[in-house]
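Undergrad: Copied straight from TrEMBL:
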type     : residues : note
COMPBIAS : 468-478  : compositional bias 'Acidic residues'
COMPBIAS : 485-494  : compositional bias 'Polar residues'
DOMAIN   : 23-448   : domain 'Major facilitator superfamily (MFS) profile'
REGION   : 228-248  : region 'Disordered'
REGION   : 453-542  : region 'Disordered'
TRANSMEM : 21-40    : transmembrane segment
TRANSMEM : 63-84    : transmembrane segment
TRANSMEM : 91-110   : transmembrane segment
TRANSMEM : 116-137  : transmembrane segment
TRANSMEM : 181-202  : transmembrane segment
TRANSMEM : 266-291  : transmembrane segment
TRANSMEM : 303-325  : transmembrane segment
TRANSMEM : 332-353  : transmembrane segment
TRANSMEM : 359-378  : transmembrane segment
TRANSMEM : 390-412  : transmembrane segment
TRANSMEM : 424-448  : transmembrane segment
Amino acid sequence: MGRPDPEEGQLPAPVKPPDGGWGWIVLLGCFVITGFSYAFPKAVSVYFKELMKDFHVGYSDTAWISSIMLAMLYGTGPVCSIMVNQFGCRPVMLIGGLLASAGMILASFTTNIIELYLTAGVLTGLGMALNFQPSLIMLGTYFDKRRPLANGLAAAGSPVFLSSLSPLGQVLLEKFGWRGGFLIMGGLLLNCCTCGAVMRPLDMGMKRKMGKAQDKYEAKEMLPIGGKSEEGISTTDGTKKGKKAKKKPKKGKKLLDFSIFSNRGFIIYTISKFILVLGLFVPPILLVNYAKDTGVPDTEAAFLLSIIGFIDIFARPACGMVAGLKWVRPHVAYLFSFSMLFNGLTDICSARASNYTGLVIFCVFFGISYGMVGALQFEVLMAIVGSQKFSSAIGLVLLIEAFAVLIGPPSAGRLVDALKNYEVIFYLAGSEVVLSAIFLGVASYCCLNRGKKEPPPENNPSAGGGSDTEEAESDVQEAEEHSSNNHQPAHSTDNAMVAANEEANHVAEEQSGEGGGCPAGDGEVLARDGCNADQMVERDSF
């Protein structure tokens, strides 16, 4: 499928995900981008006390900086999708890196909290959003068989950067103040531009080959031998390829593909992810205060988050390796459902933890389950919609998640203020996560398995990543037909012409042996459809 015959053209074979090579550089860039996107809003919190003193505001006012960053990261998903579909991943990431850096640099010169909201919140948040989504799209195009492992390694950037940026921010605050710290942080964010620069599109090599083939075609047209011989070779193929071109007109690329809502798997995933986000982030946000209320010292309470981050670093790549196993990958959605169920039950079982040992045990299991969820969430989405529609799918999913982020943690905080009881909050958050796990597992089994009972199409790809290759091949085939329609179906390379001549002469020899009465002269080439004198083309000689 999608592979032209030697006689039929100059188009190269479709580009498949290399599962390595330059893809490892892309993976490294995605690792850095993921780390900045998820860890930076949390790492900025080390500056909040100084901001409260300088601007004479409360903690809730400064906390809005991180909230605005996260809101921009999630809420601008469709805008990112449109820009990626229109301009490509690399230009969007370069612009995003510049915006993120400019936001923090400008924030170092602000004089009030509103200016901080606009610079560090809106501008930096938008820049990180323009980096995060395209990096995941590029990761999906470079990896197919190893994609679960690649997603797990890239997701590990979040805990690694969180454990690095927070201590770094504290050092910068002590030596340079919050303004100097913001300025240096803005310089660090310029590394996002470097990560964007390495996001080389996979089809660049194919376009270069097509350009060389086109140059050869134009050069061949200028030679005396090129005119008549290629005209004779292409007579039999012209009608056939012209009909194909009419049947498959080239379609313009959509800026935002809403047809993914017709995919039942995508609908199930979106609903379960919305329910999941309502309770997923609540325990780590309230954990430190919960520990302090139980009598744990401040330093030991803060160390609980470090335990979660350390376990998370190893849990994500390990889960990615497990998800990539042949017997697991076809059922990756159920593994994702299990990880959510594991996380929710951890919240529920730890609600009655009343000492430091119990909280440490909770952090270990929560780190494992949280890492599993983080490693699988985008792998499941890629497996459902494929890489061609992933840019639109992730934008719409992040937009829906933005509403859940704005509902879940703030509502939990208000319940804590009203009830003065953390136990109820942990029960509620765990129940929401368990509900999302049950919905995803049951809905996937009941709704999606019925579709699998239908007879599969030919060349059915392996579970998880085959759809990407098939879609890429179809795109190349459309490009081949479009090119042949525009250039009067002629062949551009000498190899194609020679192959066709040899085939025609071979047919002529067979027909003459059967008594067809059509001898082939030294300077003649027989057309494929027969040996009629009207279909014979003489070759010019130099």
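Glycine residues also receive a Cβ, built from the backbone N, Cα and C atoms like all the rest.
Could you give the neighbours, burial and distances for every feature on this list?
TA: Beyond the ends of the transmembrane segment (21-40), by six or more residues, the same chain brings 69, 73, 93, 100, 124, 128-129, 131-132, 135-136, 138-139, 142-143, 150, 153-162, 164-166, 185, 189, 191-192, 194-196, 198-200 to within a C-beta distance below 8 angstroms of the stretch.
If you look at the transmembrane segment (181-202), the same-chain residues 6 or more away from its ends with a CB under 8 A from one of its CBs are 15, 17-18, 22, 25-26, 28-30, 32-33, 36, 40, 44, 47, 88-90, 92-94, 96-98, 100-105, 107-108, 120, 124, 127-128, 131, 134-135, 138, 141-142, 169, 172-173.
Away from its own ends, the transmembrane segment (266-291) comes close to residues 260, 300-302, 304-305, 308, 333, 337, 340, 343-344, 347, 350, 356, 359, 363, 366, 370, 373, 377, 380-381, 384-385, 393, 396-397, 400-401, 403-405, 407-409, 412-413, 416, 422, 425-426, 428-433, 435-437, 439-440, 443-444, 447-448 of its chain (Cβ-Cβ under 8 Å, at least six residues beyond either end).
If one looks beyond the transmembrane segment (332-353) by at least 6 residues along the same chain, the residues whose Cβ comes under 8 Å of a Cβ in the stretch are 148, 265, 269, 272, 276, 279-280, 283, 294, 319, 322-323, 359, 361-362, 365-366, 368-370, 372-373, 376-377, 379-380, 383-384, 422-423, 426-427, 429-438, 440-441, 444-445, 448, 464.
Panel annotation: around the transmembrane segment (359-378), residues 136, 148, 151-152, 155-156, 158-159, 273, 276, 280, 283-284, 287, 290-291, 294, 296, 304-305, 307-320, 323, 332, 335-336, 339-340, 342-343, 346-347, 349-350, 353, 394 of the same chain, lying at least six beyond its termini, place a Cβ under 8 Å from a Cβ of the stretch.
Under 8 Å from some Cβ of the transmembrane segment (424-448) lie the Cβ atoms of residues 264-265, 268-269, 271-276, 278-280, 282-283, 286, 290, 333-334, 336-341, 343-348, 350-351, 408, 412, 415-416, all in the same chain and six or more residues away from its ends.
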Undergrad: Taking the transmembrane segment (116-137) as reference, which of 63-84, 91-110, 390-412 has the most Cβ pairs under 8 angstroms?
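TA: The stretch with the most contacts is 91-110.
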Undergrad: Considering only Cβ pairs within less than 8 angstroms, which of the stretches 63-84, 91-110, 303-325 has the most against the transmembrane segment (390-412)?
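TA: Result: 63-84.
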Undergrad: Averaged over the domain 'Major facilitator superfamily (MFS) profile' (23-448), what pLDDT does the prediction give?
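TA: In the predicted model, the domain 'Major facilitator superfamily (MFS) profile' (23-448) has a mean pLDDT of 84.
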Undergrad: Which residues, given as numbers and ranges, are at least 6 beyond the ends of the transmembrane segment (303-325) yet have a Cβ under 8 Å from it?
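TA: Distal contacts: 145-153, 155-156, 158-160, 162-163, 284, 287-288, 291, 332, 335, 339, 359-360, 363-364, 366-368, 370-372, 374-376, 379.
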